[in-house]
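Peer 1: Just passing along the structure, written as structure tokens.
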Amino acid sequence: MTRLQQRLEEALANLPDALRTSLTPIINTEFKGVISKEQFQSLQADSQLSDKELRLALLPLAAAFSVAPISNFYVGAIARGLTGNLYFGANMEYNDVQLGQTIHAEQSAISHAWIQGETGISNITINFSPCGHCRQFMNELTTADSLMVQLPERNEKSLQEYLPESFGPKDLGIEGGLLAPLSHNLALETESPLLRKALEAANRSHAPYSHNLSGIALEMESGEVYYGMYAENAAFNPSLPPLQVALVHANMSREDILTVKSAALVEDHKGAISHLAITQSTLEALNPDVTLEYASL
């Protein structure tokens, strides 16, 4: 049994009987942190829990995906997409990498939803109050004005109540927002499957400030490939690099992120910044033998 599966089963064991019985067939060895709208409705009917109660009850399962070797502080988040599907997320840390590269649970859940094709988030449930960094990150979303935040033992509040007089994309003249469907039409002639996958990600990236359209693809020792696209933020620092989004993709797919063996990064050369150096250093900390292909378009 993997460490993740052990954590999931420990979380299951602490749930009310009716919910545990209904969840057990879902939380199997293939579970990748997504609960469909229909599954959620079925769980709610079987458990007789309210929408809020059920989301809060599921948080320990989301936190089971946490990778926290530095803090040993496990945070879970559940983002509900506009489709009604629920996406788990958890904080991620890396040994020997500066702390600015860590991923917060809210960022993880939202990135997970983005990877799965969601175009907005209606609510997010978290087991600890969102830090200022995450409040600003969420303010970039297409649905920032209507996004609701649920904490344990608290009434649901809007993001704007957590971030009064907020600064966001509209203050910089940007319409849309993070998770808006995009296709930038970047092109690259290459025989490399990893570069092609990274190009697909770059074409979905959100980079209206630096214009560094960028994406990455990671190949793991298992042979599976995971991708990530850049999620830029109006406040700059809360931006989430493409590598971090790809690591969320891998982690929520039950991969050990230390088993990345090769990667490919694609960037638009017209961008004001580059992710190349920090991507190289972070990948080398995960696996010193990793290979990295790079294309600046």
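Glycine is treated like the rest: Cβ placed from N, Cα and C.
Just lifted these from Swiss-Prot, have a look:
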DOMAIN    50-170  domain 'CMP/dCMP-type deaminase 1'
BINDING   ASN91, MET92, GLU93  substrate binding site
BINDING   HIS104, CYS131, CYS134  Zn(2+) binding site
ACT_SITE  GLU106  active site, proton donor
DOMAIN    189-297  domain 'CMP/dCMP-type deaminase 2'
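Give me the local environment of each listed feature.
Peer 2: Taking Cβ-Cβ distances under 8 Å and a sequence separation of 6 or more, the neighbours of ASN91 (substrate binding site) in its chain are SER66, VAL67, ALA68, SER71, PHE73, TYR74, VAL75, THR102, ILE103, HIS104, ALA105, SER108.
Using a 10 Å radius centred on the Cβ of CYS131 (Zn(2+) binding site) and all shown protein chains, the other Cβ atoms total 13. Following the DSSP three-state reduction, the secondary structure of CYS131 (Zn(2+) binding site) is coil.
Counting only same-chain residues six or more apart in sequence, the Cβ atoms lying under 8 angstroms from the Cβ of GLU106 (active site, proton donor) belong to ALA77, ALA79, GLY89, ILE124, ILE126, PRO130, CYS134, PHE137, MET138. Mapped onto three states, the DSSP output places GLU106 (active site, proton donor) in helix.
With DSSP classes pooled into helix, strand and coil, the tally for the domain 'CMP/dCMP-type deaminase 2' (189-297) is 35 helix, 29 strand, 45 coil.
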Peer 1: Under DSSP, is ASN91 (substrate binding site) helix, strand or coil?
Peer 2: coil
Peer 1: Residues near the Zn(2+) site, HIS104, CYS131, CYS134 excluded, by Cβ within 8 Å of the Cβ center?
Peer 2: ALA105, GLU106, GLN107, PRO130, GLY132, HIS133, ARG135, PHE137
